[in-house]
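Chemist: Grabbed the feature section from TrEMBL, which reads as follows:
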- 5-160: domain 'Aspartate/ornithine carbamoyltransferase carbamoyl-P binding' (DOMAIN)
- S47, L48, R49, T50, W75, R110, H147, P148, L149, Q150, C272, L273, R300: carbamoyl phosphate binding site (BINDING)
- E142, H176, K236, R276: N(2)-succinyl-L-ornithine binding site (BINDING)
- 184-309: domain 'Aspartate/ornithine carbamoyltransferase Asp/Orn-binding' (DOMAIN)
Amino acid sequence: MKLFSSVNDVTDVNALVKEALQLKQFPYAYKDLGENKTIALVFLNPSLRTRMSTQKAALNLGMNVMVLNIDKEGWALELRDGAIMNGNTVEHIREAAAVMGQYADIIGVRSFPGLKNREEDYSEMIFNKFVEFCGVPIVSLESATRHPLQSLADLVTIEELKTRARPKVVLTWAPHIKPLPQAVPNSFAEWMCKADVDFTIAHPKGYELCSDFTQGATITHNQEEAIADADFIYVKNWSAYEPYGKVFGGNEDWMLTNDRLKNTNKAKIMHCLPVRRNLELSDEILDGESSVVVHEAANRVWAAQAVLKRMLEGLS
Ligand code: SN0
């Protein structure tokens, strides 16, 4: 595997999930695979789980790890081709990515969307420039439109905790105070649409996701109906796709409470984290029996390790 940026980069999703669960059982089975190989994790935005779980995954495979918080510690990057760099940017992504490719065998990149220009974000301008110029295999640590390591860990979690062969999985919008990317819900939706689950998306009017990611999903504006008989409820806020990056206010009543879970199939509550308590999700849910958010975060290691293992196996 040379690129992990979406579910479309994986030919056998089920096998990858199984591989992750194998690694969970035997974390050090491939501890020599990454000997003398280096991964560089490059962050243009904040991170807790992605940084630590990918680092841990690489260490379990015997790799060396370098982390660069390029937004804070690097030179200000120029992204536009042909720019006259007489302003604040110091280094062009062409040189920066090419140089990183000289130091690392695999590169991970986190690049959030600006949420201003939809075409630019949805063309994955920044992530694709890293792919173009670094010359080594590259893994997305959340790009403008997707968060595939998160979605793989989510599917691993569902596979592990499901109590029936084809579980009902619901992605529900939750309230927030600021516009957030569509990357996590887009990605979760495209992975669920390829998995053996019954998948529903619930959100208030106006928060329709780009339909490229939701083919095969049932979509509704009624949260109560959506979560009836659900086995898993994935909670996440996102801003509108149209008008792009906007939030409309209101909809505070979309925050789940224990009372609302009564009609579910003892639903397990998922969230990618970080979660704002009592805005996106109530204390009673996060501190109660139904929450699996920490378990889900723990599975980030095995998802990342399965992907890095495949990348290492593809290196000459
Ligand atoms: C990011 C997002 O894509 O929604 C990362 C999730 C893994 N989340 C945030 O930016 C949360 C920011 C906040 O202020 O709550």
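Note: Cβ is positioned from N, Cα and C throughout, glycine not excepted.
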Chemist: Considering only the binding-site residues S47, K236, C272, which possess a Cβ situated under 6 angstroms from at least one atom of ligand 1?
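Modeler: C272, by Cβ distance under 6 Å.
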Chemist: Need this for a regression test: binding-site residues R49, W75, L149, C272, R300, filtered to those with Cα within 10 Å of E142 (N(2)-succinyl-L-ornithine binding site). What's left?
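Modeler: Of everything listed, what lies within 10 Å of E142 (N(2)-succinyl-L-ornithine binding site) (Cα to Cα) is L149.
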Chemist: I need the CA-to-CA distance for S47 (carbamoyl phosphate binding site) versus K236 (N(2)-succinyl-L-ornithine binding site), whole Å please.
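Modeler: Approximately 17 Å lies between the Cα of S47 (carbamoyl phosphate binding site) and that of K236 (N(2)-succinyl-L-ornithine binding site).
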Chemist: Nearest to H176 (N(2)-succinyl-L-ornithine binding site) by Cα distance: which of the binding-site residues R49, W75, C272 is it?
Modeler: C272
Chemist: Which residues does H147 (carbamoyl phosphate binding site) neighbour through Cβ under 8 Å, counting only same-chain ones at least six apart?
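Modeler: Sequence-distant Cβ neighbours: S140, A183, V184, S187, C272.
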Chemist: Give, as a single whole number between 0 and 100, the mean pLDDT over the domain 'Aspartate/ornithine carbamoyltransferase Asp/Orn-binding' (184-309).
Modeler: 97
Chemist: What whole-number distance in angstrom separates the two most remote CA atoms of the carbamoyl phosphate-binding residues S47, L48, R49, T50, W75, R110, H147, P148, L149, Q150, C272, L273, R300?
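Modeler: 30 Å is the greatest Cα spacing among the residues binding carbamoyl phosphate.
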Chemist: Same-chain residues six or more away whose CB lies under 8 A from the CB of W75 (carbamoyl phosphate binding site)?
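Modeler: Counting only residues 6 or more apart in sequence, the Cβ neighbours of W75 (carbamoyl phosphate binding site) under 8 Å are V90, E91, A96.
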Chemist: What does the structure give for the C-alpha distance between R276 (N(2)-succinyl-L-ornithine binding site) and R49 (carbamoyl phosphate binding site)? Integer Å is fine.
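Modeler: Approximately 16 Å lies between the Cα of R276 (N(2)-succinyl-L-ornithine binding site) and that of R49 (carbamoyl phosphate binding site).
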Chemist: Among all chains shown, work out which of the binding-site residues R49, H176, K236, R276, R300 has the most CB atoms within 10 A of its CB.
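Modeler: Max Cβ neighbours within 10 Å, all protein chains included: R300.
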Chemist: Determine, to the nearest whole angstrom, how far the Cα atom of L149 (carbamoyl phosphate binding site) is from the Cα atom of K236 (N(2)-succinyl-L-ornithine binding site).
Modeler: 16
Chemist: In angstrom units, rounded to an integer, how far apart are the Cα atoms of R300 (carbamoyl phosphate binding site) and K236 (N(2)-succinyl-L-ornithine binding site)?
Modeler: 17
Chemist: Using DSSP, would you call R49 (carbamoyl phosphate binding site) helix, strand or coil?
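Modeler: In the DSSP reduction, R49 (carbamoyl phosphate binding site) maps to helix.
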Chemist: Inside 10 Å of the Cβ of C272 (carbamoyl phosphate binding site), count up the other Cβ atoms and send me the figure.
Modeler: 25
Chemist: According to DSSP, which of helix, strand or coil covers C272 (carbamoyl phosphate binding site)?
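Modeler: Note: C272 (carbamoyl phosphate binding site) is coil by DSSP, not helix or strand.
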